[in-house]
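Engineer: Grabbed the feature section from TrEMBL, which reads as follows:
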| type | residues | note |
| --- | --- | --- |
| BINDING | 72, 77, 82 | (2R,3E)-phycocyanobilin binding site |
| MOD_RES | 72 | N4-methylasparagine |
């Protein structure tokens, strides 16, 4: 797992260069936003259960067929697995926010996810919708604490959505 600092240093190390003004500016931006990223992570950590519960409630309100016989969340075991996955996405998004780097999402979440879901007949569209809803609820929770939602909060959610959406079924 890398953070923004490691990513910058690796990029310059591979080319054998000293840090230039661009790298120094990237590092400066990372440190300037650090306290806000930590505040956001504290909100996510403290409100994780509420965020997950609300995102799931909205998903099943929009797509009640998922809970009916034959639906992918039908049975307690499958419903629990869906909630577990939503929690998993939120947890890894929080890691990406604090690291200011989405590489962890590729390494720990996305590599092989589509294959696993396809092998288990888990539909991708409701998964993508649940991540969208997770983003919405998280943004609402952060805004309720009078913190502006900026790109580095939205980026990890959109990174997962984009990568799941781009792959062929």
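Yeah, the Cβs are placed from backbone N, Cα and C, and that goes for glycine too.
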Engineer: Neighbours of the (2R,3E)-phycocyanobilin site 72, 77, 82: Cβ within 8 Å of the Cβ centroid, same chain, sequence order.
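Structural biologist: After dropping the recorded site residues, what remains is 66, 73, 74, 75, 78, 79, 80, 81, 122.
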Engineer: Among all the protein chains here, how many other CB atoms are within 10 A of the CB of residue 72 ((2R,3E)-phycocyanobilin binding site)?
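Structural biologist: Within a 10 Å radius of the Cβ of residue 72 ((2R,3E)-phycocyanobilin binding site) lie 20 other Cβ atoms.
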Engineer: Let's check the environment of residue 77 ((2R,3E)-phycocyanobilin binding site): how many other CB atoms sit within 10 Å of its CB?
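Structural biologist: Taking every protein chain into account, the count is 9.
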